[in-house]
Amino acid sequence: MKKAVVLLSGGMDSAAVIAMAQEQGFAVHALSVRYGQRHTSELDAAARVAKAQGVIAHKTVDVDLRSIGGSALTDDIDVPEAGGAGIPVTYVPARNTIMLSLALGWAEVLGANDIFCGVNAVDYSGYPDCRPEFVAAFQALANLATKSGVEGAGIKVHAPLQFLSKGQIVSEGVRLGVDFGLTVSCYNADANGAACSHCDACRLRAQGFTEAGVADPTLYA
């Protein structure tokens, strides 16, 4: 069976991506990153999702981005209750670049030719590293910067949620049997994973279930 590395945050998007990769016949190796995020309950959620969805392996890598700072998700900066103009304070500098680079490295070690991520450019918070241009640029990097890219078949970067709305993501996940009740999306989630219901991540998540006509399984504080 062909192997793939899938980035798994513990949120609803990455849970859906795992199911999509499995439907395509991939043996999924899930990769989570402990980057110093304040909402560590998402990593507990990642472990639950990995177990429930039967991945081949689940690895958590430590890269402490608190030493760099610059984000409300790592620093002592308040998370806003509503999205505003421009790039929000919840943007973590270079996070997706770092995470995809780790996935790329693990894929090379595993001999995998595919990596998956859950970036989304439709219903998202304005992050520059969720845009289609970013995914295309990282694909070019993967082609140039890896042994596999230079000597072999290369490593393909998949972003299957890129042009889906949150409602479409929920519908697709439900079709594939994803238990979204296991996931955590909230930027302010407590130690038990209970969501605040006010932040932008909570707003987008609730919007997705409403659009899909699916009961929201989220645990709220």
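Each residue's number is its place along the chain shown, starting with 1.
Glycine residues also receive a Cβ, built from the backbone N, Cα and C atoms like all the rest.
Annotation source Swiss-Prot lists ATP binding site at Leu8, Ser9, Gly10, Gly11, Met12, Asp13, Ser14, Ala15, Ala16, Val17, Ile18. Leu8 (ATP binding site) carries neither a helix nor a strand DSSP state and counts as coil. Neighbours of Leu8 (ATP binding site), defined as other CB atoms within 10 A of its CB across all chains, total 33.
Taken residue by residue with DSSP, Cys199 (Zn(2+) binding site) is part of neither helix nor strand, so it is coil. Cys199 (Zn(2+) binding site) counts 24 other C-beta atoms within 10 Å of its own C-beta, drawing on all protein chains shown. What Swiss-Prot lists as Zn(2+) binding site is Cys186, Cys196, Cys199, Cys202, and the listing cites sequence analysis.
In terms of local Cβ density within 10 Å, Met12 ranks first among the binding-site residues Met12, Ala16, Ile18, Cys186, Cys196.
Across the structure, Met12 (ATP binding site) and Cys186 (Zn(2+) binding site) place their CA atoms 10 angstrom apart. Cα spacing between Gly10 (ATP binding site) and Cys202 (Zn(2+) binding site): 14 Å, rounded to the nearest whole number. Around Cys202 (Zn(2+) binding site), the C-beta neighbours below 8 angstroms that are at least 6 residues distant in the chain are Ser185, Cys186, Tyr187, Ala195, Cys196, Thr218.
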